[in-house]
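A.B. asks: Take a look at the following structure, please.
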Amino acid sequence: MASGGGDDGLRRRGCSCTKDDFLPEESFQSMGNYLKALKETPSRFMDRIMTRSLDSDEINEMKARSGHEMKKTLTWWDLMWFGIGAVIGSGIFVLTGLEARNHSGPAVVLSYVVSGVSAMLSVFCYTEFAVEIPVAGGSFAYLRVELGDFMAFIAAGNIILEYVVGGAAVARSWTSYFATLLNHKPEDFRIIVHKLGEDYSHLDPIAVGVCAIICVLAVVGTKGSSRFNYIASIIHMVVILFVIIAGFTKADVKNYSDFTPYGVRGVFKSAAVLFFAYIGFDAVSTMAEETKNPGRDIPIGLVGSMVVTTVCYCLMAVTLCLMQPYQQIDPDAPFSVAFSAVGWDWAKYIVAFGALKGMTTVLLVGAIGQARYMTHIARAHMMPPWLAQVNAKTGTPINATVVMLAATALIAFFTKLKILADLLSVSTLFIFMFVAVALLVRRYYVTGETSTRDRNKFLVFLGLILASSTATAVYWALEEEGWIGYCITVPIWFLSTVAMKFLVPQARAPKIWGVPLVPWLPSASIAINIFLLGSIDTKSFVRFAIWTGILLIYYVLFGLHATYDTAKATLKEKQALQKAEEGGVVADNSCSAT
């Protein structure tokens, strides 16, 4: 796909901050140009829907727009600890108590298993893409290549939402554990403004301060951040081992007598929210551009960190519910309060310290990941190209880091955790589902190579997989006791996947590392992610729809025209270069003949 334009200007400006760093495209150079662009919106929109990027464009062309290269300093060791640091802390120390008490009881461990399996399926999809397309854009870049510009933009907006909201949730929980460490209630450190709505009236200045410190750590250099992360993560793992061992010594099996007080529905409802605990792994995929050997290091780092994470989550969930009846679990600081309840008041300080360490690394890795997402999104001119600039000295995207963490701090200052967690899960599941779809498209459809017959068969089977998965989720949400619907929807999903496996030939094989059991694992990832979406409350979907509506307005007014102009400018540059090269060849041949 032609998707360049403005490259020379960006290189010339380095890290400047001028008008052209924000709206350099032709459509925004005058009001007349802009009005003309708006009139052409339908045709431009169709162009962006039908246009797909190329692996080579993402790897070479897009990277050049940052002016400077990111430094390749990371190994599998760094990626593994980045994955562990990104994930462990957010789920265990933020949401486990909340979900065990309100939705699933002791069966919260099953919720972690369900969300963990779904996350592992997504990890496989991300890993293949990250190895094949090792750039900072993560899922945004993958969707640009396989599903086109428009779907990539919708994903990009939700990626931004995912990271900003996720960081805000963890920053607010950081305050809760800090208060516990000092023998205070979280509200002692928050400012209550009754004039604001109930969900936005508990202002959190400590969360803002934490975001500011993380910002400084994230911009100084990725290798330095990695050292800080794995030292902090190792300390955190020691605390986790203490919690598991010490917790089991205070276990009471009577607390497991009512294992599923909220039924199977509660297990899946919690699983949808607890998916928040696994989102850190996609931040690791954005570091592919800074990895020394992506083909080896990314699979080890991503898959390895997810295995460690899932085991830790399940063991700690079991420990918590054995220590204390689920009705008495504290939703804000569950482990600290649980140790106090069994007479180990001193242990809560170890737990609080470990939680603070864990949430600090979650924030740090999230800050690194979200800045790299934003950088690649800006390289595509879907956001101002000023955000794509990479600092020559540090090799990090300072502009994107500061902007994203400022937004995180603002939301953390106002918004309660429950709203953040529900909204985040919708966005995350939506993106992971589309990455699985993109993986199937990558394997089964190659432009110019796949026959029309095979393409049409693939689209039919993919549509049936999506439709049957959606129908299963809707039936689950609407029918609490019935089972007849599943006898229709599940076989359709199964037979559609079988048909894709045996009736549609794969058009492309991965060069280095690939997802096993295609199409089964991507198809299962699609089904599970959509099913978990069906377990989320209606209000969260309303907020998600509002945010998507805002994204569409921005896209129609700005993003569409910026990317269209950039694509056309780059196409002209390529054509001019090709003509020049052809002219040079002709001249050389003439000289030889002479």
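The backbone N, Cα and C atoms fix where each Cβ goes, glycine too.
Annotated topological domain 'Cytoplasmic' per Swiss-Prot: 2-78, 126-149, 223-227, 288-297, 505-511, 565-594 (among others), in sequence order, evidence recorded as sequence analysis. Annotation comment: Swiss-Prot describes Ala2 as N-acetylalanine. The annotation transmembrane segment is assigned in Swiss-Prot to 79-99, 105-125, 150-170, 202-222, 228-248, 298-318, 349-369, 394-414, 419-439, 458-478, 484-504, 544-564 (among others) on the grounds of sequence analysis. Taken from Swiss-Prot, the feature topological domain 'Extracellular' covers 100-104, 171-201, 249-266, 319-348, 479-483, 533-543 (among others). The feature N-linked glycosylation site is assigned by Swiss-Prot to Asn102, Asn255.
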A.B. asks: Determine the minimum-neighbour residue: among Asn102, Asn255, listed as glycosylation sites, which Cβ has the fewest other Cβ atoms within 10 angstroms?
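C.D. replies: With the glycosylation sites Asn102, Asn255, fewest surrounding Cβ atoms within 10 Å: Asn102.
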A.B. asks: Taking DSSP three-state, what's Asn255 (N-linked glycosylation site) in: helix, strand or coil?
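C.D. replies: Where Asn255 (N-linked glycosylation site) sits, the three-state DSSP reduction gives helix.
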A.B. asks: Helix, strand or coil by DSSP: which one applies to Asn102 (N-linked glycosylation site)?
C.D. replies: helix
A.B. asks: Are the transmembrane segment (349-369) and the transmembrane segment (298-318) close enough that 3 or more Cβ pairs fall under 8 Å, when only pairs 6 or more apart in sequence count?
C.D. replies: no
A.B. asks: Considering only Cβ pairs within less than 8 angstroms, which of the stretches 105-125, 202-222, 349-369, 484-504, 544-564 has the most against the transmembrane segment (228-248)?
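C.D. replies: When the Cβ pairs under 8 Å are tallied, 349-369 comes out ahead.
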A.B. asks: Who are the chain neighbours of the topological domain 'Extracellular' (100-104) in space, where the CB to CB distance is under 8 Å and they lie at least 6 residues beyond its ends?
C.D. replies: 110-111, 260, 262, 266-267, 269-270, 273, 317, 320-321, 326-327, 329, 331, 334
A.B. asks: Using a cut-off of under 8 Å between C-beta atoms, tell me which stretch among 105-125, 150-170, 394-414, 544-564 contacts the transmembrane segment (349-369) the most.
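C.D. replies: Looking only at 105-125, 150-170, 394-414, 544-564, the most contacts with the transmembrane segment (349-369) come from 150-170.
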A.B. asks: Same-chain Cβ contacts of the transmembrane segment (105-125) under 8 Å, 6 or more residues past its ends?
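C.D. replies: Apart from its flanks, the transmembrane segment (105-125) reaches 91, 96, 99, 255-256, 258-262, 266-268, 270-272, 274-275, 277-278, 281-282, 302-303, 306-307, 309-310, 313-314, 317-318, 320-322, 326, 432, 435-436, 438-439, 515-516, 521-522, 524-525, 528-529, 532.
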A.B. asks: When you look at the transmembrane segment (150-170) alongside the transmembrane segment (544-564), do they share 3+ Cβ pairs under 8 Å, ignoring any pair fewer than 6 residues apart in sequence?
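C.D. replies: Contact confirmed: at least 3 Cβ pairs fall under 8 Å.
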A.B. asks: Across the topological domain 'Extracellular' (533-543), what is the average pLDDT of the model, as a whole number?
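C.D. replies: Overall, the topological domain 'Extracellular' (533-543) comes to a mean pLDDT of 79.
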A.B. asks: Let's see if you can do this one: DSSP helix, strand and coil counts over the topological domain 'Extracellular' (533-543), in that order.
C.D. replies: 7 helix, 0 strand, 4 coil
A.B. asks: Counting by DSSP secondary structure, give me helix, strand and coil numbers for the topological domain 'Extracellular' (479-483).
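C.D. replies: Tallied per class, the topological domain 'Extracellular' (479-483) gives 0 helix, 0 strand, 5 coil.
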